[in-house]
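A short worksheet on the structure shown next.
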Amino acid sequence: MDTEQAIEIQEKDPVSSPPAEIASSPERFINRELSWLHFNRRVLEESVNPRHPALERVRFLSISANNLDEFFMVRVAGIRAQVREGIAERSPDGLTPLEQLKVINESVSQLAIDQQAIWRDLRKFLAELGIVLVDGQDVTKSERAWIEDHFLASIFPLLTPLAIDPAHPFPFIPSLGFTVALQLMRTSDGRPMNALIRMPGKIDRFIRFPGSKDGVIRLITLEQATSLFIGRLFPGYTVKGQGAFRIIRDSEIEIEEEAEDLVRLFETALKRRRRGSVIRLEIEANMPEELRAFVQDALSTTDDEVFVVDGVLAMNELSQLTRVDRPDLEFAPYVPRHPERVRDHGGDIFAAIRQKDLIVHHPYESFDVVVQFLQQAARDPDVVAIKQTLYRTSNNSPIVRALAEAAEAGKSVTALVELKARFDEEANIRWARDLERAGVQVVYGFLQLKTHAKLSMVVRREGGGLTTYVHTGTGNYHPVTARIYTDLSYFTSDPVIGRDVTRVFNYITGYAEPIDIEKMAVSPLTLRKRMIEHIHGETSFARQGKPAVIWMKMNSLVDPDIIDALYEASQAGVSIDLIVRGICCLRPGLPGLSENIRVKSVIGRFLEHGRIYCFGMGQGLPSAKAAVYISSADMMPRNLDRRVEVLCPLQNPTVHQQVLEQIMVANLKDTEQSWQLLPDGSSTRMKAAKGEEPFNLHNYFMTNPSLSGRGKSLKESSPRRLTRRNERNPS
């Protein structure tokens, strides 16, 4: 192994077939859904990582729960729909939809049990640290008096007690809705009644008691506080039994082939989604059996859609606990750097780009430079046109404001707003209307393709002609997520890249297929072909006895054709290192198939989101002659075939070196936040080699300047050079 770390790998025999048979059988792939569940388990494992502060561990637990909710809303919902429709088509790994549901349920059941066990331990740990979550029966006399006043003033007006009988049918419960079910008895005549109390979704789940002794913070959940005062909601009734439940609904949106008004179509589809079928019903374990049957029957759920939870529901809301004022239990604040080269030019972003290409590495370097790029364009009298894609952005988005400002200043502004960005559809409809009111030409792209490419283009009058400035990146134009996602922003005034981006926009706005793209590759047209050609190229170098190396960094590796090409390359002797944060359907390390492929996943303080693809071109890696790309695309069929994505080459020597020799090497070198993927799809934590210090790539970039953004500061500070053990060209 030519990486700098020694890795302890558990010996496992994931498949019974010999390698020769695996190479042509479905067993060569790991199931996509199970691979995602393995990823979510890695996230969950960070909640027990002693290196993390306590509240950050709670945050990781919350993230794993939120991830699981979305998995059911989208992936499980889709598989259940296939089962309902009688579709028996097998996944690439050979499972029918029904078989996939079975293995998913088995894996999720254990994951949910582990989440609850971890929460019980974390709750005790927080109490030791002075953050106490109390149950209703444990409140003190003074706390009960305070919570009663608070309940009547701030909670009671928001609650609607719902009796269930022929005159009061079971109400609609929204997805992720948290509800308390009750068995009541009228005290006057003993008459039984079932009832519901829907917990309001717009207020905090955790209520903090005022005052404390010795700095101890005491909190109670909204549902526990409500349970103390059921009599206020149902006077004249006695509670005989109760329990909370929560549902998850199908969140897929079906789009009609023929649509005259795409915005109106999505508004209608969003209303339908709110009433999607229930695909998961979570019920507290202490709910009486009769009451549980009542809820299940009312929601028309089958037994395999019901999950009995021995613990807390809606664990995604545990993230609210991180709002308590205990900075000592969180990561130390980090303030992103501003690229020194932009400062050297007095804040003139266009002058900085004219000097040479620039890579901004988020979140270590501020996303403000991207906002500044558009704000300066909006206010610069020499700028005549701006074109922009928007997939996801933030509330009160400065990107949207800058585009509106530019249009109001009389510039030609075109914005592609992707309405099909899952769970951001409503926000994007709102942004589209705001932009149209400001005079922006808004388009929605293709009905059957999502535009996922991250592109911004500014055309400026310079020296009697026009210069095109381009920003393209791996992440969304979202200032909030840019503080916690690792992504790359690439700025260039390369006229060839400018022409390529112009053609991509023409493709999006006018369906003009960009047949003469010069440097970039675009899906669904040429990106897959470019990737396969590069993989085959390294395979050919290996067969000629030349150095042959591939490094890739992505979120997901699913596409069967890409995986098979990598298998072929491995069999030819190509050295392949893959950094895959999430889903990986490739089996690494199988003799005769993938023994030259190593796969790792980095899970840490920041969410790894950038996509980088590197090919040695017969020189090995790292090498100044390597082909290095950044992209918005993962290696999934949806990115390669059903989305508009771009693959952008990095050819400026400094930018090339920064991405290849600094960013990629740091990712490969990391041992403190990395997991080694095993042939069966599971993973094990990586460890530094004996006698060597653990390496944390996030800490490295928080304390070392980037190569392309240093400017004059190069004289005062250079990044610590990274090397990998046996840094040589493999032959």
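Glycine is no exception: its Cβ is also placed from the backbone N, Cα and C atoms.
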Can you tell which of R42, R460, R581, R638 Swiss-Prot lists as binding ATP with N67, Y485, H609? R581
Annotated stretch (region 'Disordered', per Swiss-Prot) among the listed ranges 1-22, 463-484: 1-22
Given that the record lists N67, Y485, R581, H609 as binding ATP, what is the largest C-alpha to C-alpha distance among them, in Å? 16
Beyond the listed site residues N67, Y485, R581, H609, identify every same-chain residue whose Cβ lies within 8 Å of the center of their Cβ atoms for the ATP site. N555, G582, L607, E608
Between the binding-site residues R392, R581, H609, the one whose Cβ has the fewest other Cβ atoms within 10 Å is R392
Cβ neighbour count within 10 Å of R422 (Mg(2+) binding site): 13
Taking only the Cα atoms, work out how far H452 (active site, phosphohistidine intermediate) lies from R392 (Mg(2+) binding site), in Å, as a whole number. 9
At a 10 Å cut-off from the C-beta of Y485 (ATP binding site), count the other C-beta atoms across all protein chains. 19
Find the shortest Cα-Cα separation between R392 (Mg(2+) binding site) and the binding-site residues N67, R581, H609, and name the residue that gives it. H609
Using Cβ-Cβ distances, find the residues under 8 Å from N67 (ATP binding site) that belong to the same chain and are at least 6 apart in sequence, listing them in sequence order. N40, V43
